[in-house]
């Protein structure tokens, strides 16, 4: 049995940014995940369910667990003095850690993806993304350090809190998964160098918004539903409503996750920096693909901290197919 800590140290030689700082940073995220795991498991017993009554910068009501997870991860990262600053879906602006100007890295995170599912005991997750800062070490970080294209990520990953808690991450040398053993308090290696299956037969989308989708996406959904033995259609529809949970299932089984633009959200709804970029990095490292329907997600240069984007991620051929439909059936 190999623990996450042992694995990270063992694999340091495989990536160019191997330093003790990055290892300690991943360890801090691991600690934050353990704390969130502990409290999610007793969510119905303590007063951390439901809405907080506070709205974030996007005008969305924050759940109590959103704020709890954000504070716990922020504290875990700040305590190690190895992160110069963070950006979070739950914070209006970047958070600069005073006294950490010497640190090389910044972290972007969605502390609790799918938090509205907690009340009904459905899987949720944490998403994180790590970049090497571009401003000089020794100075406070600025917005420039956070508005980097996803191709510049040093590491990314997610934690899925479900029937078991799993941490999945990449440093650009494959995707590896670890299952949390609460009796020992450690994450243990369960899958190394994960890969998307070459073909998939599952599509994950909120079809309740069908009427609002672009024509190309509507045509793709109909394609998924048509019978064709050569392509193993019709495909199966599976949608949990938590990006982490839907992505994790499709990574294991083969499939595509779709969150297109809609009439009410013409720029898409998922955040480029906190959701799309880290999941795209993981997807590509696992042999999959991620796109906004027209271009590679990791090539997009962000222009704002909470920028949104349409998102299609999963088995490469399935993402290619939806891109083809979007090209062939443009909206007027």
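Using the three backbone atoms N, Cα and C, a Cβ is placed for every residue, glycine included.
Secondary structure at residue 112 (Mg(2+) 1 binding site), taken from DSSP and collapsed to helix, strand or coil, is strand. Per Swiss-Prot, the feature Mg(2+) 1 binding site maps to 89, 110, 112; the stated evidence is sequence analysis.
Every protein chain considered, the tally of other Cβ atoms within 10 Å of the Cβ of residue 113 (Mg(2+) 2 binding site) stands at 28. Positions annotated as Mg(2+) 2 binding site by Swiss-Prot: 110, 113, 275.
Here Swiss-Prot flags 113, 114, 115, 116, 206, 239, 257, 258, 259, 269 as substrate binding site. Listed in sequence order, 63, 65, 66, 69, 124 are the same-chain residues at least 6 apart in sequence whose CB falls under 8 Å from the CB of residue 115 (substrate binding site).
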Count of other CB atoms lying within 10 Å of the CB belonging to residue 110 (Mg(2+) 1 binding site): 28
Listed binding-site residues (257, 259), ranked by Cβ neighbours within 10 Å, top entry: 257
Per-residue Cβ crowding (10 Å cut-off), top of binding-site residues 89, 112, 275: 112
Entries of 206, 257, 259 which, being binding-site residues, have CA atoms within 10 angstroms of residue 89 (Mg(2+) 1 binding site): none
Rounded inter-Cα distance in Å - residue 112 (Mg(2+) 1 binding site), residue 275 (Mg(2+) 2 binding site): 11
Candidates 206, 257, 259, 275 (binding-site residues) - the one closest to residue 110 (Mg(2+) 1 binding site) by CA: 275
